[in-house]
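Visitor: Below you'll find the structure I mean.
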């Protein structure tokens, strides 16, 4: 199925041929206008109406139309030719001329500049047309450039070499068709001359020869053109529509198919509209580059069910029909063996001091050269971006590994880095930030930054200082020295370090000499060796020169940092507040990133730490990281402008002075960041001054004057283990500002900006903030985001929060206010379309939610090895938005099920899901963080929790409760140990809880059933319990781990078991949360699963009662001590069908708004013999299928169709089966206080709701033996119902309470006590036989009342008294005893007056004598006959009632409210 298709509206589909014959006088009747000399395609002007038009060989065809572009004339490609050449071709034709023309469109119009400004895939029709245009242009034109001639180049032949002014003048005059920059130099393609030189016109034969493709026919200057051609090859992933033209032009190198000369020339970029408007002032900026496999590479056919297609703009993309997705990447490229990064060479194979841009990039990498954000690299395979050249990065890492291996056998002595070593990594000159218009590289525009090796040539103030080396070094950081011709300058000072205490150093000072050794021209590695040789306690003399500002952004993560902390021999290195010892050599090599492209860029697009996720060997903690987490003192010089200094200040929330609240004028405040603490203003300490005093001091500075600020950056307080020691109240005063994003340093990078680290599995701390912060603190968009916005919408981006996926449909633009986190918005959601093929077992996922109006629908359990699991894109917790294009937001669960059933018939489904995007967003100081894990808190990756099976009887979503500060609360902010927002102040801490032998831990944990991304939190702390006494827990705190075991992706039951298995001591890892949100959830009885850690003393005589969850309620479990004999809460049984079925019956189902419960166990049946199942246990899965929202009939069908075996997953109940409450409607059975399930146990011998129950034999209508025996348990009327005891519900302490009193109500007892008091009625399933006396008593009762009962049955349908008795109210308020007395009174009324007055003594005596006269054998025979007769009557009544029940279930005929719904029994099925 590998084929190439094109969009119907692509211009190639509009191309047509037309043959025009000359008239009698030789006239053609077609006017040709335009031409390259006018910057236009040749196009058709006026056309004579009488001219014939047709295809060669006869036949009618489309006619030429005015305005159509001419692509070929008589087989000669004329695009890019001047008009006089086109007319020459036409004149050379004799009788007829064949034209190939196309109608103009939005992409292809007569403007040559517009078309050349676009980028297309190599080999596409658009790319070929561009090459034709350039071929034809170079017949008459010579490209121009501002660079100096190279050896062998001939001016006027290879290039026209111009000055920058001449070039800009030429561009402004409109003479150039293409303009661009490459390596800091301007290149342009001029228009051909308006008249042919010397009157010569290229003949048709010559054009045919030139366009034949032979290298011998190529003009001499095509050498330069070949460079341009190779440099202009780009991949369609960088393709963009006309609305973003500045991203569409690039001239970068493709080393895949060039000879040894090509890349050195790589010139002549296409025109860029942004350059036309304003020339680029940073010549080091480049444009995107991608290295697709060239046409010469033998990739073979596309994989099965893949096809290649073109967009209407000529962009190539690939369609995967297996998953119904599209991709820009060629799948053959992904499968091709990749060359290791460190083995990629420059095109000549020799390492010289060539630019990194001349290094070969591996397949799948793209180099982006953005006019605004500088140069960065995109790894399309691993979905990540970074500023550093990946080849250089890999080479450096390999070199570091080799050095470390060499140093392992002996004490590490750093190898001296010479220029020969440094040349292995091509040096790059420093760059300039965007605010500095001066270029970084040597160009005709501006020279390279001043450098000298002679100290006498330095201009500025010389400073001498002497520093004593402490155990932590000298206390300053150095940048620069990436190449020999670069200064080493002071970046920042470490707070309280020797340099800061000395007070002489400032940011930007150039290090001239160290101990009288001139270091001008030294590399950073050489300086490392010098500083390392100085022992601790010794002093060093430094000579500095002030007056040279840093020529690049010091906070660029690619900038090399040389710090005194890292270059000490076996000195303690402070890393994240802990002292460690490391090799000085390894640290000297880890002092930062060897510079790649330190061009102007506002922020880093990549987290340069987490190198292990790059697929490269992971370094140890980098030096820059260790320094970045320490307080730094930075000197900033700001000139006061007409509107002030360009920043605002506010009181520091933690005290200590004034902090920078907001950067208003970032170019003016270069080097200053939001959150910086102002220490000094013009050498005067202002930390003790008030806010107004500092403001007045700044106001007094005259406009135009320079102010020197000493600011402290970083050094945030580290919290103790217990959050009790930290003030949790948030400080919201007008003069109090919170930290900005940039003021919080990541533990993994020296950059204050949170860069992008994109992998399918990611840590949220490494995910990008929605917008980054540049060196001046202002919000800047992510460069990858800018790049991704230039993409077409054909590809489904992955769901991981990569910069590309951050632009997926449905994602909101989010803005982080760096001055007030009270307004900070948690990143929103992103959507994705997922196409799944159905397997034999289904689509492989389950659906939750949709039970209430407006309730979201979520993806539940992902079945292992199912279709969804194999595809890998769908996750538990994803919100379902659409099913096959049908929106399901706010729809019912049933509708989604129906849609999925329809999709199952088709064999595939297209799902649109929405997933919350979690980024690392630092919070303000003293702000209560959301209970979420972060890189501070736990080692496990934080992700959306995948609930394998949440066995709670609930489906509804747990709504996120906002704490009012813009952050989500504990319940809705993360999964069990899952993702959330990062707290910069509060960290997770461990809490150990010990309990006594006769007590529980004393806490309730809350887990969201239908919101897998919600965490597991404390819902209640029991007063006086061990949890309360420890003083470290509060409601809302979230649990991250139990006894060191992460609960990420663990279900509620797994967490329960972890705590239960802990014994008398449990250690919990906690992150503080929000108490109010959880309290609200508990009091509102939300559908959450709770666990009570109470414990019943073993001395208690009665067993503690445990109720089972009812639908849409809380489920509670107890943690009993190990000495308490009880079974696990959850268990699995596998039953084999017996002669009469599986031996159990069910109650419940979705149609009754109940979960499924075990109602009865057949005597000596398989279920009873297995020894695990008990009455009241909740059935969670049947043969692997969840019972959530399962109908009663579906459960029967699963069991019957499962063959000889059935596998059940159950949750232990308390022996009571919940009743159905018809008044609750969709709210399910009534709940008790605090959402505790209310259970009204009745005599287990009665059957509360036959309509909700089923038992299962293969013989559907045969009654089992135990059913026959149960027939005598009916009341005198044959009613097998028992009414609930209305106001009794069991607590978790095993006690019950009566809220109402009734005169005839039996004494309240727990189920065990009930069974103890009535042994003959303990077994609901009839597992215990009644005593012979009780059976004989039942026989006599049946014998005496059968006739009267049969007569009464015929009348009770019309009896008003009966109807009243059957009302729900009467049913609720009547106990079995009261019903029996009422029945006796009713029967008594039917007797004759004589009988009501009481029979005569003689009659009573005769009756007694007759009973005495009967033999035991006769009584047993009569009893057996009567039982058989009763069973037949009851069976017939149940069948009739079942039919009535089905009719009453119809939506069009709802059951009458006065009649008792679901009373009558449907056919009892024995399993």
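Please read every residue number as a count from 1 along the shown chain.
Cβ coordinates come from backbone N, Cα and C, glycine included.
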Visitor: According to Swiss-Prot, one residue among 79, 249, 622, 792 carries the annotation phosphoserine; which one is it?
Guide: 792
Visitor: Between 175-203, 204-232, 233-261, which stretch does Swiss-Prot give the note region 'Disordered'?
Guide: 233-261
Visitor: Looking at 578-615, 654-691, 844-881, which one is region 'Disordered' according to Swiss-Prot?
Guide: 578-615
Visitor: May I have the list of same-chain residues other than 103, 104, 105, 106, 107, 108, 109, 110 whose Cβ is within 8 Å of the Cβ centroid of the recorded ATP site, in sequence order?
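Guide: Going along the sequence, the neighbours come out as 11, 69, 102.
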Visitor: For residue 105 (ATP binding site), just count the other CB atoms lying within 10 A of its CB, please.
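Guide: Summing over all protein chains shown, residue 105 (ATP binding site) has 13 other Cβ atoms within 10 Å.
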Visitor: Least buried of the binding-site residues 103, 107, 110, going by other Cβ atoms within 10 Å?
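Guide: Lowest Cβ count within 10 Å among the binding-site residues (103, 107, 110) is 103.
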Visitor: Restricting to the domain 'PDZ 1' (17-105), what is the model's mean pLDDT?
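Guide: Across the residues of the domain 'PDZ 1' (17-105) the model's pLDDT averages 80 on the 0 to 100 scale.
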Visitor: Is it possible to list how many residues within the domain 'PDZ 1' (17-105) are helical, extended or coil according to DSSP?
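Guide: Split by secondary structure, the domain 'PDZ 1' (17-105) comes out as 12 helix, 33 strand, 44 coil.
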Visitor: Other Cβ atoms within 10 Å is the metric here; tell me which of the binding-site residues 104, 106, 108 scores highest.
Guide: 108
Visitor: Please give me the CB contact count at 10 A for residue 109 (ATP binding site), counting all chains in the structure.
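Guide: For residue 109 (ATP binding site), the count of other Cβ atoms within 10 Å is 16.
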